[in-house]
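*Asks:* What Swiss-Prot records for this protein is below:
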DOMAIN    7-94  domain 'Acylphosphatase-like'
ACT_SITE  Arg22  active site
ACT_SITE  Asn40  active site
REGION    68-94  region 'Disordered'
COMPBIAS  71-85  compositional bias 'Polar residues'
Amino acid sequence: MFDHDKAVRVRISGKVQGVGFRYWTRDEAVRLGLTGWVRNEEDGAVVAVIAGPDSAISTMIERFRRGPSGASVSSVETEATQLEKNPTDFRITR
(Lines of atoms letter the chains of each structure in order from A and count residues from 1; the text may use other names and numbers.)
(Lines give C-alpha, C1' and ligand atoms only; values in the text may rest on other atoms or scores of the structure.)
Protein backbone atom coordinates (compact mmCIF):
# COMPACT_ATOMS: atom_id res chain seq x y z
CA MET A 1 0.00 0.00 0.00
CA PHE A 2 1.32 3.43 -0.93
CA ASP A 3 0.74 6.53 1.17
CA HIS A 4 0.58 9.66 -0.95
CA ASP A 5 0.99 12.99 0.74
CA LYS A 6 -0.03 14.79 -2.44
CA ALA A 7 -0.23 14.63 -6.21
CA VAL A 8 0.92 17.20 -8.75
CA ARG A 9 0.25 17.59 -12.47
CA VAL A 10 3.36 18.84 -14.27
CA ARG A 11 3.58 20.21 -17.82
CA ILE A 12 7.09 20.40 -19.27
CA SER A 13 7.70 22.39 -22.46
CA GLY A 14 10.69 22.87 -24.74
CA LYS A 15 12.63 20.23 -26.63
CA VAL A 16 11.21 17.39 -24.56
CA GLN A 17 9.97 14.89 -27.15
CA GLY A 18 12.26 12.56 -29.07
CA VAL A 19 14.94 12.75 -26.37
CA GLY A 20 13.83 9.93 -24.03
CA PHE A 21 12.10 12.31 -21.61
CA ARG A 22 9.27 9.90 -20.69
CA TYR A 23 11.64 7.00 -20.00
CA TRP A 24 13.94 9.26 -18.00
CA THR A 25 10.92 10.53 -16.04
CA ARG A 26 9.80 7.01 -15.20
CA ASP A 27 13.30 6.01 -14.05
CA GLU A 28 13.75 9.14 -11.90
CA ALA A 29 10.27 8.81 -10.40
CA VAL A 30 10.85 5.17 -9.48
CA ARG A 31 14.20 6.09 -7.86
CA LEU A 32 12.38 8.68 -5.74
CA GLY A 33 9.55 6.32 -4.79
CA LEU A 34 6.92 8.29 -6.72
CA THR A 35 3.94 6.83 -8.52
CA GLY A 36 1.86 8.19 -11.40
CA TRP A 37 2.20 8.49 -15.16
CA VAL A 38 3.84 10.49 -17.97
CA ARG A 39 2.81 11.06 -21.60
CA ASN A 40 3.63 13.11 -24.69
CA GLU A 41 1.14 15.77 -25.74
CA GLU A 42 0.26 16.61 -29.35
CA ASP A 43 1.63 20.15 -28.93
CA GLY A 44 5.15 18.87 -28.16
CA ALA A 45 4.98 19.12 -24.37
CA VAL A 46 5.24 16.29 -21.85
CA VAL A 47 2.68 15.98 -19.05
CA ALA A 48 3.14 13.93 -15.89
CA VAL A 49 1.14 13.29 -12.75
CA ILE A 50 3.40 12.43 -9.84
CA ALA A 51 2.23 11.29 -6.42
CA GLY A 52 4.15 10.77 -3.21
CA PRO A 53 5.79 12.59 -0.32
CA ASP A 54 6.31 16.36 -0.59
CA SER A 55 10.10 16.11 -0.53
CA ALA A 56 10.23 13.57 -3.38
CA ILE A 57 7.81 15.63 -5.48
CA SER A 58 9.92 18.76 -4.94
CA THR A 59 13.05 16.88 -5.98
CA MET A 60 11.34 15.55 -9.12
CA ILE A 61 10.15 19.02 -10.10
CA GLU A 62 13.74 20.28 -9.84
CA ARG A 63 14.89 17.37 -12.00
CA PHE A 64 12.22 18.24 -14.58
CA ARG A 65 13.83 21.68 -14.92
CA ARG A 66 17.05 20.02 -16.16
CA GLY A 67 15.64 16.95 -17.91
CA PRO A 68 17.72 14.21 -19.50
CA SER A 69 20.69 14.89 -21.74
CA GLY A 70 19.45 16.02 -25.13
CA ALA A 71 16.44 17.83 -23.68
CA SER A 72 16.11 21.61 -23.50
CA VAL A 73 13.41 22.53 -20.99
CA SER A 74 11.89 25.99 -21.44
CA SER A 75 9.15 25.80 -18.79
CA VAL A 76 7.80 23.60 -16.01
CA GLU A 77 4.25 24.34 -14.87
CA THR A 78 2.78 22.61 -11.82
CA GLU A 79 -0.63 22.39 -10.23
CA ALA A 80 -2.00 20.30 -7.38
CA THR A 81 -4.38 17.60 -8.52
CA GLN A 82 -6.66 14.97 -7.04
CA LEU A 83 -6.28 11.33 -7.97
CA GLU A 84 -9.33 9.17 -8.60
CA LYS A 85 -7.38 6.22 -7.24
CA ASN A 86 -3.87 5.89 -5.86
CA PRO A 87 -1.47 4.58 -8.51
CA THR A 88 0.72 1.69 -7.39
CA ASP A 89 3.52 2.24 -9.90
CA PHE A 90 4.80 4.73 -12.46
CA ARG A 91 3.75 4.28 -16.09
CA ILE A 92 4.41 5.72 -19.50
CA THR A 93 1.05 6.28 -21.20
CA ARG A 94 0.10 7.33 -24.71
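A Cβ is built for glycine as well, from the same backbone N, Cα and C atoms used for every other residue.
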*Asks:* Along the domain 'Acylphosphatase-like' (7-94), what average pLDDT does this model show?
*Replies:* 96
*Asks:* Count up the helix, strand and coil residues in the domain 'Acylphosphatase-like' (7-94) according to DSSP, in that order.
*Replies:* 25 helix, 34 strand, 29 coil
*Asks:* For Arg22 (active site), what residues in its own chain, 6 or more apart in sequence, show a Cβ-Cβ distance under 8 Å?
*Replies:* Val38, Arg39, Asn40, Val46, Ile92
